[in-house]
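Right, one structure below, let's go through it.
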Amino acid sequence: MIDVFFQYDFLRYSFYTSLMIGILAPLVGVFIVVRRLALLADTLSHITLTGIAFSMMMARYYPAFAAINPVYTGMGFAVAGSLMIEQLRKSYAYYKELAIPVILSAGIGIGVVFISLADGFTTDLFNYLFGSVAAVSRNDFTAVAVLTAVVSLLLLLFYKELFFLSFDEEQAVLSGIPARALHLMFIVITAVVIGISMQIVGILLVSALMTLPVAAAMRIAASFKQLFLFAVLFGELSVIAGMTAAFYADAAPGGMIVVINLLILGAVLSADRFLKRKEKPVWTSS
Amino acid sequence: MSADREAVLELQGVQFGYSSRPVLEDIQLSVAPGSFLGLVGPNGSGKSTLMKLLLGLLEADEGTIKLFGTPVQSFRDWNRIGFVSQKAGSFNSGFPATVFEVVSMGLYGKIGLFRFMKKKHKNRVMEALRLVGLEEYSGRQIGMLSGGQQQRVFIARALVSEPELLILDEPTVGVDADSVRNFYELLKELNRNKGITLLLVTHDIGAMSDYVTDVACLNKCLHFHGATGEFISNKDEMMRAMYGHDVSVIEHNHDHGHHDHHHDHDRSEAVK
């Protein structure tokens, strides 16, 4: 069934890309979930839409712009948006969560204006919103591969610092870990991963691929390391099955990938109820 | 305090206020190596502020603070100090990390950026867990442990980098009374057998005084600073000076039936 992806170039590169986002999105997703930043991922994906809409609008009025892949404009907007969120969180120190709805609505509002000024809703735009099985060209794929390598390397290098910050920020800072710089790096990584992933799963569902596999993995992982292992396993399973299903059903892959993730989550939750019943938390005093 | 041994911690004439409201006035405090100092004071007495000053998170308006003879502003050897925060226990108990992983964090600062955990680091983590008696729990998820056990995990995390001074800020908050005693026993052992200097900050005067070697009473200024025996014999007077009125400290008679009283006592203090 999967072999169809290797018969056509345009499918092959999409398939390789989906294999990579099946790893990347859950890896970043683990930190997003444990740091309670799930809504941040959603917000950043909406700003990515603004960037893409901007790019499409510019391409209409200035044809030279068409040479730039809208995905990169989207990533640029997401990075800028993440910095604005940080700024807003400082301005509203006591209502930090306010930054999220402000940027979220700004992203959609401005995005819709750009879309109207461009051609309105086109097939391209539909693909960006819900994903496509054939969105990735050979050149794009090279960029995806490089970005995947860089992001994976950074996550591996700063694994222990990000882990410490997620668990106990105060103590992490006291032990000399540069919290601000790492937080900034992490947000930029998130923006990049959203940009890569949205080509396959679409803007509206990109945060699903970051959170759903992690949600399932959380129920069975015994350690933080296992959390990554299971999250990536579920992520890969969902993209492979989702892409295949999307191709044969001629459906948007984003939707299919989310459906597979929901099935995994449902299976894990019901299995968990049977297995965990025996094992109760130990409440003996030391 | 002998003059030939450099104090682990030394405060001289330390003054601090938030805007114009003075919080700490003229604090003189000295912690000799190998001692176990209990720093007590009611809520709002400036204990937390003093902690922040010691850790360099705040800067004193006046006076000097020295850690191992170095002024805190230029102190960089943070590995020599272990710190167990009041908030250590308030992590998200669903966090999917094992006891081993949590204790490992204590080494991250020492290992440094761009470096990874090695075999020797893993051995040290197990060693620290052995010290607090939680060796068998290394693979357990931290959220599955009891409050008392979790507190020991955080002690292990502070111990794993082999600090010479261990600072504990209200470590027994939220830990049941039986575990509190066991916990103080553990601290006493670490102090005696491992030679680790301890600074215990607490509002719980009762149980603490059975274990510490020195006591300091804080309420804006230091009301007492000396050996525990001296503190106990002047306790009533001390309490009056510190709290501004008579306080009956419920003595620990090692009878486990009276813990409810003890809790009431804690609570009534907390209200003030």
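In case you wondered, yes, glycine gets a Cβ from its N, Cα and C as well.
Keep in mind it's a predicted model, so treat the numbers as computed, not measured.
Cβ atoms under 8 Å from those of the transmembrane segment (A:13-34) belong to residues 2, 5-6, 40-41, 132-138, 140-141, 144-145, 148, 151-152, 155, 162, 166-167, 186, 189-190, 193, 196-197, 199-201, 206, 209-211, 213-215, 217-218, 227-228, 231-232, 234-240, 242-243, 253 of the same chain, restricted to positions at least 6 beyond its ends. According to TrEMBL, the transmembrane segment annotation covers A:13-34 (among others).
TrEMBL lists A:39-58 (among others) with the feature transmembrane segment.
The feature transmembrane segment is assigned by TrEMBL to A:64-86 (among others). Residues 40, 43-45, 47-52, 54-56, 58, 99-100, 103, 107, 128, 140, 183-184, 187-188, 190-192, 194-196, 198-199 of the same chain lie 6 or more positions beyond the ends of the transmembrane segment (A:64-86) yet place their CB under 8 Å from a CB of it.
For the transmembrane segment (A:98-121), the residues of the chain that approach it from at least six positions outside its boundaries are 39-40, 42-43, 46-47, 49-50, 52-54, 56-57, 59-60, 81, 84-86, 88-89, 92, judged by C-beta separation under 8 angstroms. Per TrEMBL, the feature transmembrane segment maps to A:98-121 (among others).
Annotation comment: TrEMBL describes A:141-159 (among others) as transmembrane segment.
When Cβ-Cβ distances below 8 Å are used as the criterion, the transmembrane segment (A:171-194) is approached by residues 21, 24-25, 28, 31-32, 37, 40-41, 44-45, 48, 75, 78-79, 81-83, 85-86, 147, 151, 154-155, 158, 161-162, 164-165, 206-207, 210 of the same chain, each at least six residues removed from its ends. Summarising the annotation, TrEMBL assigns transmembrane segment to A:171-194 (among others).
According to TrEMBL, the feature transmembrane segment maps to A:200-220 (among others).
Residues 1-2, 4-5, 11, 14-15, 18-19, 21-23, 25-27, 29-30, 131, 133, 200, 209, 212-214, 216-218, 220-221, 255-261, 264 of the same chain sit 6 or more residues outside the transmembrane segment (A:227-249) yet have a Cβ under 8 Å from a Cβ within it. Residues or ranges marked as transmembrane segment by TrEMBL: A:227-249 (among others).
Per TrEMBL, transmembrane segment is recorded for A:255-275 (among others).
Beyond the ends of the transmembrane segment (A:141-159), by six or more residues, the same chain brings 13, 16-17, 20, 23-24, 27-28, 182, 185, 189, 192-193, 196 to within a C-beta distance below 8 angstroms of the stretch.
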